[in-house]
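Chemist: Below: one structure in structure tokens.
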């Protein structure tokens with residue numbers, strides 16, 4: 001039996017040829033006459049489908065609004081081959097063996113290349129062996145969705161907070177952190193890429209066979225996975241957790257303002273506890289470190305979403321008091337859907353004058369100081385140059401004006417039932433980062449400050465290695481055409497890169 005044919009219990013009604021848009025003259029020149037595409041709306045949504053249809057037509061592809069006899073390729077997103085066939089069956093349509101069922105990644109790659117790319121296994125949608133009454137031995141069972149479509153780049157994978165492989169990703173994140181403490185960049189990247197790709201899997205790794213074909217899993221990584229499968233833990237991770245240097249660095253860097261160099265210094269001096277450090281009269285602390293110690297208990301505890309939203313109200317009230325047309329967007333982990341975090345980041349931009357933008361953060365700081373809400377601040381002035389090429393580094397910071405603060409958040413702002421008359425401390429110290437960017441750079445800044453860190457590293461790496469472009473928080477530059485590519489939204493940046501758009505909550509790589 002043809003694997004792309006659905007079982008029919010009775011005579012099939014002849015499908016009428018669709019008319020209307022599919023028969024109308026195309027609005028764009030068709031470059032590839034032998035390909036006729038139909039983009040399935042199921043699980044994709046009308047807006048995204050219309051966007052992809054228009055983009056594909058502009059690239060010279062023939063795309064039908066309705067499914068017709070002339071269609072040669074059905075393109076779907078987040079659907080298996082079986083789901084597409086089930087949809088066709090509901091429509092009373094029998095799929096020909098000549099009809100290609102493809103993942104949207106094929107269309108994205110083709111548009112990026114400016115021509116149809118070769119169809120490989122990673123593009124083809126897989127049909128379950130148990131789909132029809134007569135199983136076809138030519139089709140393999142799962143993990144179809146897993147291995148066949150996984151990219152080495154996090155920007156081509158959807159990674160939600162539903163992590164099915166915590167036992168492995170937790171281990172690799174500990175090893176990555178230890179590598180970072182030792183300033184071993186190669187090991188850090190190896191472990192972070194492994195953790196990132198495992199987070200994106202829609203199934204749990206239960207045997208080494210499940211790792212076949214998954215990128216970013218080298219021999220060392222696979223040895224650790226195998227040990228965890230067999231023993232329930234990794235001896236290397238266990239050794240790291242018991243390592244005095246790791247424990248000390250973990251403790252020291254938990255203090256706001258303390259980095260690797262200071263941690264190394266304190267460790268070499270023999271310090272192993274914060275109490276000994278704070279009581280040592282010979283040590284000198286920066287203004288940031290003093291604030292870090294002073295509000296340590298608050299800052300080391302997690303910020304809840306309710307607290308983050310309450311801070312958001314504070315920020316918007318202050319910003320809009322001076323710049324009513326400003327856009328204030330919460331970024332970072334909270335924009336990606338996380339329920340807790342260590343700080344709250346906000347991106348601020350305005351279509352108004354540059355002079356108003358430059359003066360905003362000092363005015364906001366002054367306002368909070370007068371209200372008694374400002375516990376600490378560090379204002380970093382902008383060094384942004386409009387026509388400077390994006391950085392070649394995948395981990396570089398941007399040059400926008402920014403302010404790192406610690407704000408006093410009263411409990412009553414989070415929970416109105418809590419009275420100001422309550423005993424004890426009535427507020428919590430919260431770390432807040434404010435970033436002010438020019439209006440025309442807002443899309444790039446939003447993409448960069450949303451994260452995750454691994455997602456941003458990979459989308460910049462992808463731009464460089466796959467598209468011959470340079471991307472950072474400021475701009476996107478096409479090295480081939482030698483032009484800056486403008487973007488009004490994150491969606492447009494993805495489109496420039498030939499990437500399928502990934503929502504913020506799917507960037508938890």
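Placement of Cβ uses the backbone N, Cα and C atoms for every residue, glycine included.
Feature list, courtesy of Swiss-Prot:
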- 1-25: region 'Disordered' (REGION)
- 11-17: motif 'Nuclear localization signal' (MOTIF)
- 27-124: domain 'BRCT' (DOMAIN)
- 151-509: region 'Mediates interaction with DNTTIP2' (REGION)
- 258-262: region 'Involved in DNA binding' (REGION)
- 343, 345, 433: Mg(2+) binding site (BINDING)
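Tell me what's around each of these sites.
Modeler: Per DSSP, the domain 'BRCT' (27-124) is made up of 33 helix, 16 strand, 49 coil.
The average pLDDT computed over the region 'Involved in DNA binding' (258-262) stands at 98.
Taking all protein chains in view, 16 other C-beta atoms sit within 10 angstroms of the C-beta of residue 433 (Mg(2+) binding site). In this structure, residue 433 (Mg(2+) binding site) is part of a beta strand by DSSP.
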Chemist: Would you kindly list the residues that approach the region 'Involved in DNA binding' (258-262) from elsewhere in its chain, counting only those six or more residues past its ends and only Cβ-Cβ distances under 8 Å?
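Modeler: For the region 'Involved in DNA binding' (258-262), the far contacts come to 180-181, 183, 249, 252, 289, 292.
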Chemist: If you draw a 10 Å sphere around the Cβ of residue 345 (Mg(2+) binding site), how many other Cβ atoms fall inside it, taking every protein chain shown into account?
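Modeler: The Cβ of residue 345 (Mg(2+) binding site) has 22 Cβ neighbours within 10 Å.
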Chemist: Relative to the mean position of the Cβ atoms of 343, 345, 433, the recorded Mg(2+) site, which additional same-chain residues have Cβ within 8 Å?
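Modeler: Not counting the recorded site residues, we get 331, 332, 344, 346, 404, 431, 432, 434.
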Chemist: Please state whether DSSP places residue 345 (Mg(2+) binding site) in a helix, a strand or coil.
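Modeler: DSSP assigns residue 345 (Mg(2+) binding site) to strand.
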Chemist: Sequence gap of 6 or more, Cβ distance under 8 Å: name the residues on the same chain that satisfy this around residue 343 (Mg(2+) binding site), in order along the sequence.
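Modeler: Within the chain, residue 343 (Mg(2+) binding site) has Cβ neighbours under 8 Å at 303, 332, 430, 431, 432, 433.
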